[in-house]
Ligand code: 5AD
Ligand code: SF4
């Protein structure tokens, strides 16, 4: 997760490695750099799990790596272009290693790999393997083949990668922390006119309930206390249940909540069109469901929503928010916004600003519209000039930034349950997350990763809320 301030206004930043390093002497080392969404973070972990039995351990230093994997994002042009500049840097590293008698294999994975395939080999020298997100279970065989000549695998194989991906050892899971991602659904059938996802990740596929339960039970047995269920359209989940029926996301969440030791469940990303009654109700009656909802609206203008093929209007969105707030008044709301979609007038933009003002968001991601080749909106003649997009983005982010600050400021003076994640920067300090996904730093005083402790929020730091444990008397402890 990005820091709180960054979550509001920045485009997704690259995440380095897997969050932890493990250098086993004598083993080969893999360095993975993930860009874009949380699903890529999950995929990066699963790639490491496939490679672990092959003798690969993870490193956070590219220069030490026998294998470099760039796990790419294709959602906007800027994200996609980053790969090519990074590949230039990788090529230099590879040259240095080879000059010193070593070797380095280079893999481009993720959505750029899926979308551009062999074009990557033509544009960038020194790539051994281009592999799409559906083929990670074949990595060892593909790497072997790529020793002879460069390989491209962007198939959508009939066998599910999920069935074929090995599970990590419990120690590896523990190293990754107390909060885990679990992809439950991939792909998208919605075809918003700006979006490449239906093309890069393909049609909606939901994992079967039993496979998800088994994965979550294994995670919890290794110490995980919180799972975030991931899907490009996670609330359209309709995986096969043990009874043969298609289960919805709320049904899956209610079943997962019965897992002893699992304290928190989150889900992302949702589409307003799939916010059904049961999912809304669950926010009011399932304690494990965290009071946080990421529900992208993209625009507050009905005309733009229609042009985006979002399949809902502004009022429909506002009604959903009203209903969620009726069952869970304190819920933290988050959204994605696109400014400068083709044809967006000043009045359309004002509608978006008014919607933001009406809802009040705790977090948001906002972007300038980026034309993606092959999507309908890219061919629209009414493209918006860059300087207009920039001005709108700044104005919108300033408002969202104020709302985020207000949301955090409103937590000051309250006591919130914090899921403890790890030691903080200062001696004795621990950091974790509030139910609203705010980072919280506090004097640990015996709190361990995985504990859930009440913390009285006393103030706001740069990247986290600052507080004191509310379950220990300060005076008696320090005496
Ligand atoms: N341009 C700008 N933003 C985009 N997104 C998706 N496609 C584009 C695009 N072409 C944003 C949407 C989506 C988020 C993941 O990325 O806001 O919800
Ligand atoms: Fe893209 Fe729309 Fe599908 Fe989200 S719902 S992944 S924005 S096409």
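Even glycines carry a Cβ here, placed using N, Cα and C.
Some features that TrEMBL has for this protein:
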- 28-148: domain 'MTTase N-terminal' (DOMAIN)
- 37, 73, 111: [4Fe-4S] cluster 1 binding site (BINDING)
- 174-408: domain 'Radical SAM core' (DOMAIN)
- 188, 192, 195: [4Fe-4S] cluster 2 binding site (BINDING)
- 409-471: domain 'TRAM' (DOMAIN)
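Features as recorded by TrEMBL, highlighted on the structure.
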residue : record                          : contacts (Cβ under 8 Å, 6+ apart)
111     : [4Fe-4S] cluster 1 binding site : 36, 40, 72, 73, 74, 75, 133, 196, 197, 200, 201
188     : [4Fe-4S] cluster 2 binding site : 195, 197, 198, 201, 203, 204, 232, 233
192     : [4Fe-4S] cluster 2 binding site : 298, 308, 309, 310
Surrounding CB atoms that lie within 10 Å of the CB of residue 37 ([4Fe-4S] cluster 1 binding site), all protein chains: 21
Cβ-Cβ neighbours of residue 73 ([4Fe-4S] cluster 1 binding site) (radius 10 Å): 24
Filtered binding-site residues, from 37, 73, 111, 188, 192, whose Cβ is under 6 Å from an atom of ligand 2: 188, 192
Residues among the binding-site residues 73, 111, 188, 192, 195 that border ligand 1 - Cβ under 6 angstroms, in sequence order: 195
Chain-mates of 188, 192, 195 with C-beta within 8 Å of site centroid, [4Fe-4S] cluster 2: 190, 191, 194, 196, 197, 198, 232
Residue 111 ([4Fe-4S] cluster 1 binding site) in three-state DSSP notation: helix
